[in-house]
């Protein structure tokens, strides 16, 4: 590799070096705090490396091909920065989660492994957004999956809630393992069919072969279908969503946030690359297949969310619907506005989803730490009734969660409204009238269950403390995270132009 190629993948090299350093640190010196500091330092250095590469890409260079496996362009660097910021939030939530459940100094939960697995998952996600070869695509996807399996069943041997937590976590991990293995097998088979039809593994070469020989052959169509189905599983699109509610509910809440943001954002980036670099948007099967997935996810996700009493399951079905909205932009991804709309909505989705799961996670952490919840009943913490009067127990938590719900519902002055408006504009430009009708119906359904939960937060109960009295004590790091996410949500909702200009520059 040349010096310029090494420079282009500097963020990946920093993450890899940080993972090796953290492994050695954990081997010789086990400390939860030290592992967290190392993780945040690695994330900061990787972010600085992304900015360095971005500065080079702004000086007349639009992309750098680092071997046949990786293509680093402006879009990839932007997504890497977004993933790094999401990982910082997950790391902060992870510390609160682990500390709240390790109630005795003698507990040996080895929380350092949480941060190691987090960095491995992030490395896979950042590699995936830079992939330009099917071999690298598959390796990156498997790195993400192999990191998530143990995170879903992360052991908490010392907690009073360990038996229930371990059972739920292991059940979630097994479900995800089995269905993820099936999806990976389908994707690998699809890649083999595409390779057999085109004789190429690089995305650009596949596009050239399809343009030369036509994209309508049965072999190519079948291969594309299988790969898209595999990606739909990672995105939990209907009808490949069956794992999502159970995994979201049973996994540790910070891990749920990781799956809902980092893992899904990487899968969206993959789909965007396949549609543009590989020329799959020209294949006859792609448009109808993505349209069906979008329609089913928007309507199905919102209808099923209406029936949920568990907040984590509600957010699971909500995420299905929101990825369905995002599919509208991907349907016209070959046009500039389609890509911009997809990335803006992805930013809105990550900020809002992280904020919602952060609030939910902190509610559970503080209830457990303060012994409000009897042993074996932690699952009840996330029932909608448990959030009754949340504002009166913790005004900050209640206010921030309400802001996140308003953004998810697409209420004006939030980033969610701008994102949904962007999606609608892209759909109008692409004349996707059927899908836009589903977006309108889905948004109306979503407004009902989001506002229903939000009203629950402000319901007054004589058994609840008055504002300012003793309630849920949120740690300073959790408060700071919620404030930053809430300010970002409002700032980009009121002043969206800087981000819009940045995204527009990615495609010019």
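Each residue, glycine too, has its Cβ placed from N, Cα and C.
The feature domain 'NADH:quinone oxidoreductase/Mrp antiporter transmembrane' is assigned by TrEMBL to 131-445.
Per TrEMBL, the feature transmembrane segment maps to 6-28 (among others).
As annotated by TrEMBL, transmembrane segment applies to 35-55 (among others).
According to TrEMBL, the feature transmembrane segment maps to 75-93 (among others).
TrEMBL lists 114-141 (among others) with the feature transmembrane segment.
Residues of the same chain lying 6 or more positions beyond the ends of the transmembrane segment (177-198) and with a Cβ under 8 Å from any Cβ of it are 134, 137-138, 141-142, 145, 149, 205-206, 209-210, 213, 217, 219-220, 222-231, 233-234, 240, 242-243. Annotation source TrEMBL lists transmembrane segment at 177-198 (among others).
Proximity of distant same-chain residues to the transmembrane segment (218-243), defined by a Cβ-Cβ separation under 8 Å and at least 6 residues beyond the stretch ends, is recorded for 141, 175-176, 179-180, 182-184, 186-187, 189-198, 210, 263-264, 267-268, 270-271, 274, 280, 283-286, 289-290, 293-294, 296-297, 300-301, 316, 319-320, 323-324, 327. Residues or ranges marked as transmembrane segment in TrEMBL: 218-243 (among others).
Within the chain, the transmembrane segment (255-275) has long-range Cβ neighbours (under 8 A, six or more residues past its boundaries) at 75-76, 79, 82-83, 86-87, 89-90, 93, 118, 121-122, 124-126, 128-129, 131-132, 137, 140-141, 144, 148, 151-152, 154, 203, 227-228, 231, 234-236, 247-248, 281, 286, 312, 315-316, 319, 323, 326, 330, 333-334, 339, 342, 346, 349-350, 353-354, 357-358, 361. TrEMBL lists 255-275 (among others) with the feature transmembrane segment.
Residues of the same chain lying 6 or more positions beyond the ends of the transmembrane segment (287-307) and with a Cβ under 8 Å from any Cβ of it are 225, 228, 232, 237-239, 241, 245, 281, 314, 317-325, 327-328, 330-331, 432, 434-435, 438-439, 441-442, 445-446, 448-449. Annotation source TrEMBL lists transmembrane segment at 287-307 (among others).
Positions annotated as transmembrane segment by TrEMBL: 314-332 (among others).
Here TrEMBL flags 344-363 (among others) as transmembrane segment. Within its own chain, the transmembrane segment (344-363) is flanked in space by residues 82, 86, 89-90, 93, 96-97, 253-254, 256-257, 260-261, 265, 268, 311-312, 315, 319, 322-323, 325-326, 329, 381-382, 386-387, 390, 394, 397, 400-401, 403-405, 407-408, 414-416, 418-420, 422-423, 472, 474-475, 478, 481-482, 485-486, 488-489, 492, 496, 499-500, 503, which lie at least six positions past its ends and keep a Cβ under 8 Å from the stretch.
Annotation source TrEMBL lists transmembrane segment at 396-419 (among others).
Here the transmembrane segment (472-495) has long-range neighbours at 89, 92-93, 95-96, 347-348, 351-352, 354-355, 358-359, 362-363, 365-367, 370, 393-394, 396-397, 399-400, 403-404, 407, 412-418, meaning same-chain residues at least 6 beyond its ends whose C-beta is under 8 angstroms from one of its own. Look at TrEMBL and you will find 472-495 (among others) tagged as transmembrane segment.
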Outside the transmembrane segment (396-419), six or more residues from its ends: residues with CB under 8 Å to it: 318, 322, 344-345, 347-349, 351-353, 355-356, 358-360, 362-363, 387, 390, 443, 446-447, 450-451, 453-454, 457-458, 472, 474, 479, 482-483, 485-486, 488-490, 492-494, 496
